[in-house]
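Pulled from Swiss-Prot:
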BINDING   12-18, 40-42, Arg304, 330-332, 412-414  GTP binding site
BINDING   Asp13, Glu14, Gly15, Lys16, Asn38, Ala39, Gly40, His41, Thr128, Arg142, Gln223, Thr238, Arg302  IMP binding site
BINDING   Asp13, Gly40  Mg(2+) binding site
ACT_SITE  Asp13  active site, proton acceptor
ACT_SITE  His41  active site, proton donor
BINDING   Thr298, Thr299, Thr300, Gly301, Arg302, Pro303, Arg304  substrate binding site
Amino acid sequence: MSTVVIIGAQWGDEGKGKITDFLAEKAEIIVRYQGGNNAGHTVVVDDAEFKLHLIPSGILHPEKLCVIGNGVVIDPQVLKQELDSLAERGVKTGRLCVSQRSHIIMPYHRKMDAVEEEQKGEGKIGTTKRGIGPTYTDKASRVGIRVVDLIDKEEFPKLLKNNIECKNEIFEKLYNTKGFEYEEVLKEYQGYAEMLEPMTEDVSVLVHNAIKEGKNVLFEGAQGTLLDLDHGTYPYVTSSHPTAAAACLGSGVGPTKINRALGIVKAYTTRVGEGPFPTELNDGLGEEIRKNGNEYGTTTGRPRRCGWFDAVIVRYAARISGLDSLAITKLDVLSGLPVIKLCSGYRYKGEIIREFPASLKELAKCEPVYEDFPGWSEDISNVTRYEDLPENAKRYLERIVELTEVKISLISVGVKRSQTIILEDLFN
């Protein structure tokens, strides 16, 4: 039996979908434990591309049980669209189950997200406007609607009526915009209740029993550590916790049940939305990496900001989640660059610092301290053994290990499952 947690160790978009899909072959259960449809996981199977936002990436493996845990906020409209899209492409989705305790994204959450972001003006966060933040806000305020509430034919209408009355007052009096019609929302979400009810499970019991029976369980995270509500670049963060600890909270299992934490990192760094980014490349090279890496958001389509690998943030993420090893993705994107830079620390007020600062004001004044590495010209997209990588690529990877103090278990050199170099079997 082995339990592995997948964590993004940068600002999200690290390639967690591909790695989850790759590791799902040896797992029996795949659990999404936080976030919502603000996630965008791209998986390629036999040249067919699948883009998933809510459903675990393991769904593309027949016979694997896929679970949406209580830490995830669910937009049933998006869930239905994903299920329908997968079914149209011949993917069986009857192996999906949803936690009774997951909170539901309502139409007023999506509208609140958009209105509040607009009100911020120049201080905008860069939200996806999917209603994620307002749903977590209602959860913390104890007025949210859970799956178990949605499928309760007596309770749901009462909860919805109270919430719509409250939200409409805010929309109309504070934001001078129209609210929602109770009957319309009720009818729509009663339909979603019928869809969700057969999938509903006590996920904590299900996952606990699976671990007890010796099954391999893979916990799939969304976003990245630097977007964590507590440990990220606040306030430019998400509303959940993309860290290893959240796998326990978001699925209902104890921390002693987790065996390994795998951090996913690109061979460079990207970020979507606002906020500081010390190694960002605002030049033609950044555009070249964006083009070669196809760096556009799966969820929003927004171009990602690109920069050099930052060992400071990855070492920070490793400490926060207790990472056992790393999976390096998109190493192939760096092929052809004459020089590759790696950030080993920051220069702040004339001194070199190695730890990630909490203050964004301080972070904005930090200058990256770079180490230069000669690049490689070889096409590495079909390399399957570490020994066959160019020497310069191996030296670059070895330095990443030294600076982050975390070993490498997997290296991805392309989007396909076959384009993966295995250094260690994570389920042994």
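Numbering starts at 1 and runs along the chain as it is shown here.
Cβ coordinates come from backbone N, Cα and C, glycine included.
Feature map: annotations from Swiss-Prot on the structure.
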residue: Gly12; record: GTP binding site; Cβ neighbours (10 Å): 28
residue: Asp13; record: IMP binding site; Cβ neighbours (10 Å): 28
residue: Gly15; record: GTP binding site; Cβ neighbours (10 Å): 22
residue: Lys18; record: GTP binding site; Cβ neighbours (10 Å): 26
residue: His41; record: active site, proton donor; Cβ neighbours (10 Å): 25
residue: Thr42; record: GTP binding site; Cβ neighbours (10 Å): 18
residue: Thr298; record: substrate binding site; Cβ neighbours (10 Å): 15
residue: Thr300; record: substrate binding site; Cβ neighbours (10 Å): 17
residue: Gly301; record: substrate binding site; Cβ neighbours (10 Å): 8
residue: Arg302; record: IMP binding site; Cβ neighbours (10 Å): 13
* How long is the line from the C-alpha of Asn38 (IMP binding site) to the C-alpha of Leu331 (GTP binding site), rounded to the nearest angstrom? -> 25
* To do: Based on Cα distances to Gly15 (GTP binding site), point out the closest of the binding-site residues Thr128, Gln223, Thr300, Gly301, Arg302.
  => Gln223
* Where does Pro303 (substrate binding site) sit by DSSP, helix, strand or coil? -> strand
* Structure fact -> Candidates Thr42, Gln223, Val413 (binding-site residues) passing the 10 Å Cα cutoff around Arg304 (substrate binding site) are none
* Of all the binding-site residues given, namely Asp13, Gln223, Thr298, Thr300, Arg302, which is spatially nearest to Thr42 (GTP binding site) at the Cα level? -> Thr298
* Structure fact -> Row Gly40 (IMP binding site), column other C-beta within 10 angstroms, all chains, value 22
* To do: Report, as a single number, how many Cβ atoms besides its own are within 10 Å of the Cβ of Thr128 (IMP binding site).
  => 23
* What kind of secondary structure is Gln223 (IMP binding site) part of, going by DSSP in three states? -> coil
* Which one of the binding-site residues (Asn38, Gln223) has its C-beta surrounded by the most other C-beta atoms within 10 angstroms? -> Gln223
* Those binding-site residues of Gly12, Gly40, Thr128, Gln223, Leu331 having Cα within 10 angstroms of Thr298 (substrate binding site) -> Gly40
* Taking Cα-Cα distance, which of the recorded positions His41, Gln223, Thr300, Arg302, Pro303 are within 10 Å of Lys18 (GTP binding site)? -> His41
* **By Cα-Cα distance, the member of binding-site residues Thr128, Gly301, Pro303, Leu331, Val413 nearest the residue listed as 'active site, proton donor'** => Gly301
